[in-house]
Structures are given as structure tokens and as C-alpha cells.
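Below is one structure, written out as C-alpha cells, with a few remarks after it.
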Amino acid sequence: MSARKRTARDPQDNSVTIEDGNKVDLLSEDNSDMKGDEWNIALLFFLYVLQGIPLGLSSAIPMYLQNRGVSYRQQAQFSFVHWPFSVKLLWAPVVDSLFSARFGRRKSWLIPTQYLIGLFMIFLSSKVEYWLGVEASDVHTPSIHILTFCFFCLNFLAATQDIAVDGWALTMLHRRNVGHASTCNSVGQTTGYFLGYVIFVGLESAEFCNTYIRSSALPYGIVTLPGFLYFWGIIFLVSTTLVALFKRERSPSHTQLTHEPDLGVAQTYKLLWNITKLPSIRTTAIILLTSKTRSNSSSPLTSLKMIDAGFPKDKLAMMAIPLVPLQIFLPLAISRYTVGPKPMNIFIAAFPYRLLFGLIAASLVWITPFVIQEGIIPIYYYGVIIAVYALHQRTGYDESMFVAVMAFFARVSDPAVGGTYMTLLNTLSNLGGNWPGTLALWMVDSLTYKACSVPELNNNTCSTNHESEFQRKYEGG
């Protein structure tokens, strides 16, 4: 472990002088001033945008699967692709401990990981349509096991990139600006998710492109899933090369009083265990693992149930477009409060409204089959959905609560072991958000009663979207 730099406190001007003669104003550490960090903030934002692309694509795939007749239990199986962000703590100490000092502590993992993501996307672009069962020359049942494995691996790489970026953010930015890392995370991931989910689903939809973009109708969209994957694979490869060549990694001595220690893998796991034994961390863990049980159990079901009720997947995805300004500017607006000494005040204030949204989302799912008649969606219902989604973004964890809790993590994490500390807290938060959704998807078939009586379908249980659609047509004559 590296020794700490020697410091001397100056009682006259509330500063300290570190070994190289530079002074640090202690009072200024609580006052955000982005001067000198503009390009660093831009880079962090871009890295988080890249991180959001695989997450958005992983959220778009279930809509394909829902239209291919898979069961909710199979959807629950695919939902495990989001779990790498919930269990990345298992390999975070390795990322923190093994690196090339010459190349850079964080770049040692960031660069190869992003290269692998780019290459993996290019590989997926040649196979994904076949595994989805939508290849024109061979229409068949989706290969759920293969799809789950592939997108799990893609998100595993994205989670590894997240460990490196989270740790780098604590040393890339001046200490007084470290709270802005949560804003970069929130806005960047939201933008990447929007590109990988909303923009992709819209541009892939022939109906959306013919209605809003093209002057003459065509039977296909502007982009395809293989083409989208290939494009972003190239973007990953090119941008990673530029970061490797032109961004130097260093720990600015004028912003930190300590160096990051060089710990071995075993030492890092031991340090992680010691952190988990802290009473404050145990209390935080209980809160993070349980606080989203009520709201996140309904979130993954809302979209799929609405598709089951007849709401087109492309129109459902497009509902997020009017909310983009809110998703981007809300974190920026509240960053002035999360950079301060009490960032969790935003989280606490938004929590009751988040619980209320869970009830509203469940009600929306319940009334949708009664509103949509013969495939026709009333105009007023679009307004209702947008209003509900806007309330979700205004009070939901994805925006205000997410920024608040990330700012809190950045503030309490020790920069000396930033990657491990931030990853521990993020893992607890992500795990608390994922397990209710997976459990809900897994149980929905068992807890849902459906009666089907279509002679043409043997052993019909209405457990898939295909069987339910066949039953509706049979009942309608």
C-alpha cells in the first residue's frame, strides 16, 4: 500500500500543504466549481452513454419475445441479463487490484472491456435474428437460453466498464466536483438507454417510419437489429481507440490528500469484507435491498402486460419521447442540491410518490384491455400514459432518486478504494431493484388464472401471447 502524502494544516486560511507544496482549500471542497473539469465531465458523460446502449437493447429484446409467443416464465429467465449490474461486486476487487500502472489503473480495464463490447456487438449482429426466430429464411421459436447467455455476457462487460468508470470518476474530477459524477451517470445512462431502446424500437418499426418519417410506405423500418448492433460495435471500437490514445489517467495531487493504494486481490476482498461490517453500511444495505420492493415488482410487467392487451410495442416505446427533455434536464436541475452535504434529502422526499406510482402503474395495466377495443387506441389514452410516465420520471428512482443516491455514494466513498466502495453501494442498490422484478415475472403465470377452450390448440393454457391472441380471435368468431 502506498504511503499517504505528508500534509500540514494551516489554521489561518483553512488549507493544507501537501508534500509537493500545493495547497488545498478545505472549505472549497464543498463548493462545486466545474472550472478545469469541463472536458473530464464531458468524457464521463460519453462513457456512461456507451454504457447505456447495451442496457437499452436488453430492454428492447423482451418486446420482441412477447410478440413471439414466449411465456412470462421465459421472460423472467431473460430478465437475468440485467443481473450483472447487481452482482458486479463479486469481481470489482479484481478490477480494482489488477492493473498496469504504466497504462493506468482504470484504463487497464476500461479499454479492453470496451473493445470486447464492440467486438461482441458485431458478432451478435450476425446471429441475433436467428436466435430471436425472426430470420426471414427460417422462422422458429426463439432460443431463450442462447439469448439470455449472450445478453448476459454483453451486460457483464458493460458492468465491468461501469466499475472502472465509477472508480475513475472519483479521481478524474476535482474533489469539490465529485458530486457531478452522479449527474453524468444519470444523464449519460439515460441517453444511452434512450438510444438503445426508444430510438431503436421506433426506427425499426415500419409503421412508425411510414407514419412519421417516410413519404411513401415500405414494409420495413429504417434500421434493423443486426444493423444497429453493428453500428454501435464500430462506435465502441473507434471511441475506445481515441480514449486510449489521447486521455491520460492521473491522480491530481491538488485535489486529493491520498493516493489510491496498490492492494492485491486478496487484500481488496478483505477490505471489502471489513467495509461490509461497518454498522452504517449494514443499515444502508437493508434499506437499499428493500426500498424498491413495492415499486419495482410492477415495473417490468407494465409494458409486457400492455402489449398483451393490444398496445403496439413501437407506440409504447415512443411514449418516452416527450419525456426526454425531462429525463435529461431534471438531473441537471437537482444537481445543485445533490452536490451539497445532504444529497439524500431528494431521495427521502421522492420515496412516497414512488410507492404511489406502483399502484398507478398496476391500475393502468388493469384498465388497458377495457380501453383498447378492436385494436383502436383512443387519443386521450396516449395523454394518460404520457402523464403517468411523466410522474414516474419526476418522482421515480430513474431520475431524482437515482441522482440523489449516486451523489450520496460518491460523497461517502473513500477515493483510495473508490472502485470497490462505489461498486459495493451500487451493487446493493441494483440488486434491490432487480430481484423484485425477476420474482414478479417468474410468478405471474402461476398467479394468473386463464381459461382457454380452443379445439385447434392441444393443452392450451393461454400462457403465451400467441395462445392468448388465438383465443381472442376464436372468441370473436
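Glycine is no exception: its Cβ is also placed from the backbone N, Cα and C atoms.
Annotated transmembrane segment per TrEMBL: 41-65 (among others), in sequence order. Taking Cβ pairs closer than 8 Å, the transmembrane segment (41-65) reaches residues 34, 74-75, 78-79, 81-82, 110, 114, 117, 121, 132, 134, 142, 144, 147, 151, 154-155, 157-158, 161-162, 165, 168-169, 172-173, 177, 180-181, 184-185, 187-198, 200-201, 225, 228-229, 232, 235-236, 239, 243, 247, 303-304, 307, 313, 316-317 in its own chain, all 6 or more past its ends.
Sequence-distant contacts of the transmembrane segment (85-103) (same chain, at least 6 residues past either end, Cβ-Cβ under 8 Å): 109, 111, 155, 158-160, 162-164, 167, 249, 262-265, 267-269, 271-272, 417, 419-420, 423-424, 426-427, 430-431, 433-435. Residues annotated as transmembrane segment in TrEMBL: 85-103 (among others).
Residues of the same chain lying 6 or more positions beyond the ends of the transmembrane segment (115-132) and with a Cβ under 8 Å from any Cβ of it are 50, 54, 61, 64-65, 68, 138, 142-143, 146-147, 150, 153-154, 157-158, 161, 224-230, 232-237, 240. The annotation transmembrane segment is assigned in TrEMBL to 115-132 (among others).
The annotation transmembrane segment is assigned in TrEMBL to 144-165 (among others).
What TrEMBL lists as transmembrane segment is 222-246 (among others).
Under the heading transmembrane segment, TrEMBL lists 346-369 (among others).
Per TrEMBL, the feature transmembrane segment maps to 375-392 (among others).
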